[in-house]
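Participant: Please see the structure below; I have some questions.
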Amino acid sequence: MEQKPAPIKDHFGRVLKDLRISVIDQCNFRCTYCMPKEIFGEDYVFLSEEELLSFDEIIRLAKVFAELGVEKIRITGGEPLMRRDLDKLIAELARIPGINDIALTTNGVFLPKMAKKLKAAGLERVNLSLDAIDDEVFKQINGKGVVTRPVLKGIEAAREAGLQVKINMVVKKGMNDSQILPMARYFKGKDIILRFIEFMDVGNHNGWDFKHVISKKDIINRIDQEMPMEPAEENYYGEVASRYRYKDGEGEIGVISSVTDSFCGTCTRIRLSADGKLYTCLFASDGFDIRGKLRDELTDDQLQEELTNLWGRRKDRYSEERSEETRKNRKKIEMSYIGG
Ligand code: SAM
Ligand code: SF4
Ligand code: SF4
């Protein structure tokens, strides 16, 4: 049997394990904290077909990454289910030796149409984003006046297809903190893990301010008062969500606390944008143009060398260093472009 190469490590000794692939920068929603419609309006120019990485290019890169130790792939966007034939891409990715986990992050609206096909292609898990259970609050957030029903139908379809489902809720003060308890109540006992995400200062257009952040501690306290919880152990090294289980045995929740309790020390992720730029941090200013290298016909060995060097140079730890100064002076890429 062929021997696995030694894992590649960055400047701080962090191993590369996860690849997040954004397959499209467009979305059917205009969430106020991600793609505010004042900026992503009618005239906004999205990537052209030619600019997007082709499926062949994505698959080739994923193979090279797998040879460098990547085991997990997450597909994201924009809204990834707006990329035509996504199931075909997933089927190819699932065949790559060494890749043992493929997941998708989606707003869920297209899942009723797609869930079975995706599961058949080899998808294991979906993270569905739902920021409120109340229709009026949700309509305001998604910027398109969409009620919760299509998303709830998406959750149902994913479960029926046999996909493992987690729900992601970004919490922003004044936007949807009133929904923390209703969301927890709704998903408790349904065998679905709800994960709260602290509102992050990604990109330059979402008007982030620390005063909008509801901390992990606050989220936990609010739920614990009504539905007592206790901390649960990590499922695996580098898990980003802190887990808490309900004392009555009715499941668990997670909190992703990139702002108030960061986890850069165990960050094993690299991100590929839809137009083929690699980012070694969610808060990076610039990407590394791997599409140019692919289209310049580098060999797989040359690509491997480029990627090993890129990861080796990595010193990112933005969340640990976050301050007014670092925030003001940094141009950052948008979440809808890099995919979270
Ligand atoms: N459209 C898909 C979706 O919404 O699931 C995938 C892409 S979206 C950019 C990925 C995740 O990033 C979503 O769960 C979204 O809520 C989250 N997100 C976007 N902007 C964020 C921010 N400023 N802080 C925290 N999470 C954010
Ligand atoms: Fe679209 Fe997801 Fe961003 Fe909302 S969070 S605008 S669904 S990409
Ligand atoms: Fe990883 Fe950057 Fe997030 Fe730190 S801030 S956990 S380095 S993506």
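Placement of Cβ uses the backbone N, Cα and C atoms for every residue, glycine included.
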Participant: Of Thr105, Thr148, Thr299, which does TrEMBL put in the GTP site with Arg20, Arg74, Lys166, Arg269, Ile270, Arg271?
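Facilitator: For the GTP site that includes Arg20, Arg74, Lys166, Arg269, Ile270, Arg271, TrEMBL also lists Thr105.
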Participant: Which one of Tyr33, Tyr244, Tyr246 goes with Gly78, Ser129, Met200 at the S-adenosyl-L-methionine site, as TrEMBL has it?
Facilitator: Tyr33
Participant: Cβ under 6 Å from ligand 2: which of the binding-site residues Arg74, Gly78, Cys264 qualify?
Facilitator: Gly78
Participant: As a check: which entries in Thr105, Ser129, Lys166, Cys267, Arg269, Ile270, the binding-site residues, place their Cβ less than 6 Å from an atom of ligand 1?
Facilitator: Thr105, Ser129
Participant: If you measure from the CA of Cys281 ([4Fe-4S] cluster 2 binding site) out to 10 Å, which binding-site residues from the list Arg20, Cys27, Cys31, Ser129, Met200 are inside that radius?
Facilitator: none
Participant: Which binding-site residues among Arg20, Cys31, Arg74, Gly78, Thr105, Cys264 have CB under 6 Å of ligand 3?
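Facilitator: Near ligand 3, sequence order: Cys264.
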Participant: Under a criterion of Cβ-Cβ distance under 8 Å and sequence separation of at least 6, what residues of the same chain contact Lys166 (GTP binding site)?
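Facilitator: Counting only residues 6 or more apart in sequence, the Cβ neighbours of Lys166 (GTP binding site) under 8 Å are Arg125, Val126, Asn127, Leu128, Ile192, Ile193, Leu194, Arg195, Gly254.
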